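Note sheet for the following structure.
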Amino acid sequence: MVTVLRAQPPMRKQTHLLDRLSQRNRWLWPGLVLGVMLLWSGFSWLIAQRYTAQMQQQSYQHQKHLAQQQLEVLNGSLHDVLTTLGGVTRILAREAQIERGLLPFGPKVAAATGTLAAKRLHWEQAPELGRLSRYLGRYTEALQIDAIWLLNAAGDCIASSNAGQAGSFVGGNYSDRHYFRDIQGNESRLGQQYAVGRISRVPGLYVSHPVIVNGQFVGAVVTKTDIVARSRWTRNENVFVADANGAIVLAQDKSLEFRFLPDRLGPSLAQPALALEYRNTRFEPLDIAPWGELGLSDLVRLDQRSTPFLLLDGNRRSDSFSIHLLHPMPEIRQLESQRYALFTLLAMIGDLLILALAALTLYLRSLVRKREAALQAKQELEALVGRRTAELQVAKEAAEQSSRAKATFLANMSHEIRTPLNAINGMTLLTLKTGLSPRQQDYLRKIQASSQHLLGVINDILDFSKIESGHLGIEQTEFELDAVLDHIADLFGERAAAKGLELLIEVAEEVPRYLTGDPLRIEQVLINYTNNALKFTERGQIGIRVCVIERDDAGLLLHIAVRDSGIGLDEALSGKLFQSFQQADASTTRQYGGTGLGLAISKRLAELMGGEVGVASRPGQGATFWFTARLGIGQAAPALQAAPDWQGLRVLVVDDQETAGQLLAALLQRLGFEVSQQRSGSAALAALQDADQQGQPYRLVLLDWQMPEPDGIETARRIAALGLRQRPDCVLLSGQLPDDWAEIAPAAGLMDRLDKPVRPKALFELLQRVLSPADHPHQTHMADAVEPDSRSLAGARALLVEDNPLNQEVAMAFLHESGLEVELATDGAMALAMVQQQRYDIVLMDMQMPVLDGLMATRAIRQLPGLADLPIVAMTANAMTGDRETCLEAGMNDHIAKPIDPGLLQAKLLQWVRPERERMTAARQAEKGEPAAASAGPAEPAGPLSMIEGLDQALGLAQAGARPALYRSLLQQFVTDQADAIARIKEAMEASRWEEATRAAHTLKGVSAQVGALALREQAARLEQALQAHASGAQNETGEGLPALLAAISEPLAQLVQAISDGLAQQRQAQIEPAFDLERWNAVRARLLALLEADDASGVQLFEDNEALARAALGPRFAAVAEAMRHFEFQQALQVLRQAD
């Protein structure tokens, strides 16, 4: 106990040091946390600022692109208008009529004097100028221009499109206008100007073109368009128009009009010039400042507004006008406000995480301190427990010694008591099979029943003793629940039927088929419950129900209840039934007997299986005994698959017991049948007639035997007499077989029978036999009473391949009873050799055998010529769908389950063994094909080879069934297959293929034992064990011990192979006849050639039977032919034989 008392003082000193350091620097931790939070806040501000700047830049680029597209459209529209006006003035300036109107004035004309009214009246009344004014008027109407007028060289308007109207331009002098001054001295230049009309007071765009006659400027043509009418250009409130001076002449936002753009000439003009030009002297500059946060030149602040604007210039200053776009961008401002929100969010999240991490760190530090304190307390407690443990050890050893003594006594008692009882039971059963008088048989049956009862009582006492001493364990193995219930049905079905009781078994659909637990203990409790129910019930029924009440990933809680309709018991008695040595009362002891231990044992078994027991009962109303067990879920099993043609078939269940009928109907409905129920034979007859008349006949009728009149057999007779258009198949349900069943069944028209209680597997097999006879021939329980098929099995040859002696004895007895001649092979390798030596009508193949298992042997047989049609039936321990598929894939024809059912075996034999007539025909054909002289060949040597050390030839010959030819074949196969066994094992070891090496050693062990090389077999067994240990990791990676084992077996194997090979050669040489019979050889050769050309394996047997004759005839070629025949290379053998002709 020194380890328990060990302490750790250094850890406590270290903890105190950390605590003192923490106390001295109590402000260090909060300061560190605060500093990290401030650092994170600064980092969060940088992240937020960078993010919002990036988003602002993206928004700016997007909005600028859209604004530029809009500005391009507006610029194009304005340019088109100016182009149109310029084109009109240019055309008019070159008109001859215009030139004629200006020629009288000449290039040197002076400005006219007088009042505007006088000048207007003079020129408007001039005939030539009047026509010219009307001509200009037609142009304005055609081109939808506001006005066109004609100026002479002095700037006087002599003709106008609005002449004679109020506001006529005629008589006015416009020499001061830019559009007039700019075109003087330039023949091709257009003059452009924005101005407010002097007469009309309407702002407009003016376009002028000089009129040149003989190279001299004589005047100008001027057009005007009302700029207000063109306001569609600026319907977007963000657009405004400025002239060449930078004055905003048109804008949707009126607060921008008559304001100058920064850095333009307009504000420097004198007020007279402003008044003359714009009729306005109050011009204010537009307050535009850069939006400085982003450093973008196009992004400005307007009049101290909070929203930034995007200012874009249309670049039309060459035309004396420009369009500008002032686009608001509130999202820039919004993103700036979001910057602070993002910063706040990031800072808060980071600070919370920092605080959480700090809190977690403090919490973990506190946990460490608490753990150290708990560790100290644990060490002190362990020291105390160590002292107490030492004190208890002595008492424990004394108790174990006493328990071992009890266990030894219990084992001795179990053996001493059960052994003679089992002997009594066995000998009584054997004696009953001998010829005895009825009285003697009665005495022996009573002896057998009494001994069985005594054995049951002793078993109860021994089980209870084991439970009390703690020596009764619960196994954990996978089992099939249906097998347990089938055994219960077999044990109690007939007894219940003999007592007139109905035994019912119901399994809920959610119960798995395979479970993990102790099936024997579950069956023991069920036997106890069912035996009690049968004992205390005189009429009615006994029902067993299984369901699941809990289920999870670890397993399930199974609930099993046995319900009867017996005497019942009151609540007071129910409480003490599960106590040891307790019964209901003294009267039941006298009337029914029993030890009173059965229910107590059941309770303890249920508790050991993780469950409990209980009972529900009332006097006179029967009782329900139940128990639960916690079990594991086994591997998923293949479900019983209903045939597709069963779906929707109509089945009629006739049973006077409603519960029994309902359970059977539920089983049928799960398989896809349409099921109806009737409670009597009379009602069934009526239902059958109605269904036949309605064209919906029943396919199958299941009739209970023991019903009120008419019973099941009588009902079947009446169904046969109904004369139905489609007569159903009838099956009898019975717990007991009627004594005269053999005569009754055919006469009553009964197709088959089904034992009660009905089990799912038995029902499924019945449906296969009745509804799918083509797929399941010869599987019928009518064989219990009716003679089997008329074909005789007498004389058929069967090869039984089985390694278990008990199974050999049972199978051979059944086969002999069927009239077959049986030969035995103890493993697949021997079977492979025997089918090449002898013709068999059927092979019964065990699946798991040494040397070569059933599947491998079958595959090898199927590769042999001439054996593709040899019937091979597997004998398996579990004949379900998966095993059937495996057997068929390997080349087997069918399978039969173990333990072998004699009736089912008989059916399989009748199915696969050819009738006697066919066998005789085949035998006669074989005899005719053999050469007449072949039978006169040399006799098979009966003696063994010469003495070979390490080879027990007597044992090997006995294991070959005392057949020398077979033994020679096995020896030759041993030489051929095992000569390089050690080399193959070494090669597999070097490649780390340990499983392959182990399998090769296992094969060497098996074949050595088969031929009688026992010493070699022991060496191979040790090598196999060493390889298995190495493969499982029991040895180190260097494979210690394996080289020595290989060296020890290598030399004896080589010597034995060489000795056997020499012995076989000497024996073959001794068989050479002194005189060569050419006529006989020609007959043998002709038959051999015919067989080899047909790839018939019987040629191998013919060659071996005439080996001496062939050796004498072939000479040096004999070895090549023999080698080819041994490896079934028939074409090569044919070639050599033909060359020897």
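Using the three backbone atoms N, Cα and C, a Cβ is placed for every residue, glycine included.
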Among ranges 440-463, 536-559, 920-943, whichever one TrEMBL labels region 'Disordered': 920-943
Rounded Cα-Cα span from Asp846 (4-aspartylphosphate) to Asp704 (4-aspartylphosphate), Å: 39
Cβ neighbour count (within 10 Å, all chains shown) around Asp704 (4-aspartylphosphate): 25
Integer Cα-Cα distance in angstrom, Asp846 (4-aspartylphosphate) to His1002 (phosphohistidine): 19
Summary of DSSP states over the domain 'Response regulatory' (650-771), given as helix, strand and coil counts: 56 helix, 27 strand, 39 coil
Coarse DSSP state, helix versus strand versus coil, of His1002 (phosphohistidine): helix
Residues of the domain 'Response regulatory' (797-913) by DSSP state, where helix covers H, G and I: 53 helix, 24 strand, 40 coil
Same-chain residues at least 6 apart in sequence whose Cβ lies under 8 Å from His1002 (phosphohistidine): Pro850, Ala1020, Glu1024
